[in-house]
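One structure is given here, and the rest of the page talks about it.
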Amino acid sequence: MSISNWITTAYLITSTSFQPLYGSFSDALGRRNCLFFANGAFTIGCLACGFSKNIYMLSFMRALTGIGGGGLITLSTIVNSDVIPSSKRGIFQAFQNLLLGFGAICGASFGGTIASSIGWRWCFLIQVPISVISSILMNYYVPNQKEYNRQNSSIFQNPGKILRDIDVMGSILIITGLTLQLLYLSLGCSTSKLSWTSPSVLLLLVGSVIILLLFILHERKTSARAIIPMELVNSSYSVVVLSISILVGFASYAYLFTLPLFFQIVLGDSTAKAGLRLTIPSLFTPVGSLITGFSMSKYNCLRLLLYIGISLMFLGNFLFLFIEKTSPNWLIGLFLIPANLGQGITFPTTLFTFIFMFSKSDQATATSTLYLFRSIGSVWGVAISAGVIQLSFAGLLRSNLKGLLDENKIKKLIVQLSANSSYIGSLHGEVKNTVIKSFDEATKRAHLMSTLLSSLALILCILKDNLAKPKTRR
């Protein structure tokens, strides 16, 4: 695996692996304290990334940033659930998603411009003052939950009880199991000689499965605050909702992964232009969240919203299959809107469908559990889409270039393109057109998979409505 890939992979591994810990840990240590830790780790990580001396240090600091980043979204959602009544929860989640969407749009749209104009370091350093300001605001406005304040005036008042509450063994098992799984996905879809079926890579998957099974057994017996209480996931209804969350996470992140590649390689966009092309459609993601929030508060129509959101995601993924190199820009932008709007509706509705099944005291761990399953889906979505594109692209090149180049030149070209997609710019004539056409078809194959999984999520919605909700303590 290219060392440069670890810049992204390191963050992905730690953010996903540590994310499920924040629910139970914040129950034991306090929301405010854990939020300060997460924001501090994220801030220090971004600062260190900006001053990294080499790519190894940059990758390591991205891992530190991921430890904090994995908790920021989870804890902000949990804090909202603590202080906001359920009747108004949708509106506040809508505004949270609006701000999150605005930040994502800014990052996607201007990241390439910042990197190409004043340098990549500023993509990290620009986040530091924003994170410092958020810490100051947290100090004044974010309290610990009432249950924590009644039991502990500080984390040092009763350290023995707190240590008994923290599920240390469960934390080690889930972090190790998820890390091995993410390493399997990352190495399997890399451009090296390794693949998902390589014995050394398969060992990572086997190890991940064994350790995660041990984690489940441990969670059933632990006397500490479970990372994922089994009562949250032991009903058919809960399993179906979490499965929907995995599928929409897979489809949405596979979609976001393939779009920039398609724009840059098939349409010939620069990095900055590819980001800007996503700006207007991306605005519909927070719009979808606002629609969800106000509809929930006024009509209490979670079930209908989930159908609408997933249907729009399916439509958006399906429409992408018809985008061509010759498609006008206005039509491309129009075809991108449904998937973004659907994601904005689906993400909060799956969250509330799950956490509203449980009592207020269980909603922190329920939130982190759902976010974990969604994150797993997103990681699998990106990794499998990358694998499908790579395998399809290589196969199509061998087939389509057979009459233009000899076998050795085709193999050499595949290696060069796998290592650096910008190598396409040095090609000419029929060879270049064939390479672009092959990549177009490869991305469409990956996107067809996302379309099918979106339809499967829709089928599970129908199945969910025929299942009884679990009876939980209130």
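Heads up, the Cβ atoms here are built off N, Cα and C, so glycines get one too.
Model, not experiment: these values are computed from the prediction.
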Of ASN234, ASN420, which does Swiss-Prot mark as N-linked glycosylation site?
-> ASN420
Report, based on Swiss-Prot, whether SER297 and SER327 occupy the same side of the membrane.
-> no
For the transmembrane segment (34-54), name the stretch out of 63-85, 168-188, 197-217, 304-324, 332-352 with the most CB-CB pairs under 8 Å.
-> 63-85
Any chance the transmembrane segment (376-396) and the transmembrane segment (448-468) have 3 or more Cβ pairs under 8 A, given the pairs are 6 or more apart in sequence?
-> yes
Proximity of the transmembrane segment (239-259) to the transmembrane segment (122-142), 3+ C-beta pairs under 8 angstroms = no
Lying 6 or more residues past either end of the transmembrane segment (122-142) yet within Cβ distance under 8 Å of it, the residues of that chain are 31-32, 35-36, 39-40, 42-43, 46-47, 49-50, 79, 111, 114-115
Considering pairs 6 or more residues apart, do the transmembrane segment (98-118) and the transmembrane segment (274-294) have at least three CB pairs under 8 Å?
-> yes
Between the transmembrane segment (274-294) and the stretches 168-188, 197-217, 304-324, 332-352, 448-468, work out which stretch tops the count of Cβ pairs under 8 Å.
-> 332-352
